[in-house]
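Asks: Attaching a single structure in C-alpha cells format; questions to follow.
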Amino acid sequence: MATMKSLIGLINKIQRACTVLGDHGGEGMSLWEALPTVAVVGGQSSGKSSVLESVVGRDFLPRGSGIVTRRPLVLQLHKTEDGTTEYAEFLHAPKKRFADFAAVRKEIEDETDRITGKSKQISNIPIQLSIYSPNVVNLTLIDLPGLTKVAVDGQPESIVQDIENMVRSYVEKPNCIILAISPANQDIATSDAIKLAREVDPTGERTFGVATKLDIMDKGTDCLDVLEGRSYRLQHPWVGIVNRSQADINKRVDMIAARRKEQEYFETSPEYGHLASRMGSEYLAKLLSQHLETVIRQKIPSIVALINKSIDEINAELDRIGRPIAVDSGAQLYTILELCRAFDRVFKEHLDGGRPGGDRIYGVFDHQLPAALKKLPFDRHLSTKNVQKVVSEADGYQPHLIAPEQGYRRLIDGSISYFKGPAEATVDAVHFVLKELVRKSISETEELKRFPTLASDIAAAANEALERFRDESRKTVLRLVDMESSYLTVEFFRKLHLEPEKEKPNPRNAPAPNADPYSDNHFRKIGSNVSAYINMVCDTLRNSLPKAVVYCQVREAKRSLLNFFYAQVGRKEKEKLGAMLDEDPQLMERRGTLAKRLELYKQARDDIDAVAWK
C-alpha cells in the first residue's frame, strides 16, 4: 500500500519537474495546478514565517520589515531517519547541499534578487527548496508573499493588488489547501487571510485556520471562540500556535526547544489546556501531512486523466508541427522532395478547381481578352481617310488598275499588328495569376510552415519556372499573330461581293459617286472588306490565344513547375541540404518545449504507476 512518504514524495518529484519546465501555474489547466498543494497565506506581521520555521524546526527564512517574501517558496519537507544530518537543497543548485541554514536564508535572498533585482518587486516564479531532516513530517508547503494594504518606498502603487492577485492565483485553484494565518491579538473578522479564504472557499472545505500570538493577547481575553469554531467555523479544526518571541529570536533559542516551550504553554494554560493535544506547530504539521495524503489519494485519478490527455494533445501538436528531421543526407533529400510534392499537390488543386484561384485564369480568357480586343482602334485605322492614305501610299506613283492589293495587305498587316498587345497582356495576366497561386500554395502547405528557408527556395524556383513559361508563351502568341499576317486567307476575299453598291438615282442625273474609283465610297468599301477580314482573324485569335497560353504556361506549370529545382536539389551536398531545412527558431523552441513537457508527463505517469495503490 502506498505510504504517506511515497505519496507526498511522488507529488514533490512531479512539482520539481514542473518547475524545471517553467510550469508553475497560470492561465488554463496545467499539471502544476492539478497537484494538491498547501499554500500558506497571511498578512504581513501575522507570524507566517515563524509558523513555517516552527514546522521545519529551523531558522531559514529571510526576515525584516516590509515585504520579505517576494517570490513563492515551494518548501518540500522530507523526513529522514533519526540521527541523520539535516540539510537543504535548492532546485536551481541541485548539486549543492546546505547544512548551514543561515546560508539557506542567504540563498533565498540571492535567488529572489536574481529574478526581481534589488528592488522590492515581486515575481510569480517559485523557488524550490527541499529540506531533509528527522525533525519534520513529509509535507509540501508554498510560502506566498504576505498580504499588505500599503506600498512602501521603492514599490509601485500596484504592489498591493499584485500580491493579492498572485496569492489568489494559488488559493482559488480547487486542488489548493489553504493555510490561513491570523494573529489572535487582532479581530478575526479583519484577518486578510480569512477574508481571502472566505472569498475563494466559502464553505471552508479547503481551509485550515491557524491562530498565532496567543501568548501576547490582552489580559482577560482569549481565543477560544476562534479555536473551538464558534466565531468562524471551518470544515477543519483551528490550530493555535505560539511562536518564538523577538527576544527568543535574538537569543537564537533552538527551534526544538521552542517547540517544547510551545507545548508546555498549551499544557499549562488555564484557557487552552483542554485543547493542548490539538495545538502547536508539531500537531499542525502532522494534521496537514495526513490531510495532504488523503487529498492526494482522492486526486490521483484526475491527475492521471489530465496526464493522459496532455500526452495525447502534445503528440498531436508534435505531429502537426513535425517531428525532428534526420541528419543524414538521404533522409534530408527525401524530406525536401516530399515537401516539394506537398506544395505541388496544393498548387494543382488550385488549378484544377479543388481550391479557389484557378477560375481567375478562365476569367482572363472569357472577360479580359475579349474586352481588350473590343478596344482595339480598328475604327480609326480603317476610317475612310486613313484607308485612302494607306492605299495611295501603297500605289505610289502608279495607281492600281482594278483592286488595290498592296493597299489591302498594308491595311490588313497594320490591323493584325494591333493584336499583339492583347496577346501579350493575356500572357502577363495568366502569369500574374500563376504567381499568386504559387504564393497562396506556399502559405497553404502546412508541411512547409516549419521550413521558411525551403519555402522561400521553392517559391523562387517556381517563379523562375513561371517566367520561363511566360517567355515561351509570349513567343508563341506573337507567332500566332505573325502567322495571320504571313499568309492571308484568299478564299475570304474571293467570296466577298466586290461589286460597287448601287445608289439611289441622282435626281439631277449626275454620275453615281462610286463611278470614280477613288471616291469615298470606294475607300469605305475597302475599309469594310478589311474590317470583315480582321473580324474573322479576331475570332480565330480569340480561340487560339487561350489554347497557346494554356499549353505553354498552365499545362507546363502543372507538369514541370519544379523539375529544374529537383535536378538542382539532387546535386546539393549534405550541408546545403541541411541549410534548406533550417526551421523557424520559434518553431524549434516550441518543439523542444513540447518534447520536454512530453517527457515530464510520461515520467509522471510512470512514477504514479510505480506506486503501490492497494
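Just so it is clear, glycine is given a Cβ too, placed from its N, Cα and C backbone atoms.
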Asks: Which one of these stretches, 143-146, 403-406, 467-470, 603-606, shows up in Swiss-Prot as region 'G3 motif'?
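Replies: Here Swiss-Prot associates region 'G3 motif' with the stretch 143-146.
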Asks: Determine the Cβ neighbour count for ASP215 (GTP binding site): the number of other Cβ atoms within 10 Å of its Cβ.
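Replies: Excluding its own Cβ, the number within 10 Å is 17.
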Asks: With DSSP, how much of the domain 'GED' (523-614) is helix, how much strand and how much coil, in residues?
Replies: 79 helix, 0 strand, 13 coil
Asks: Grab the same-chain neighbours of the region 'G5 motif' (242-245) for me: Cβ-Cβ under 8 Å, and only residues 6 or more beyond its ends, written as numbers and ranges.
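Replies: The answer is 47, 50-51, 54, 212-215, 253, 255, 258, 261-262, 265-266, 280.
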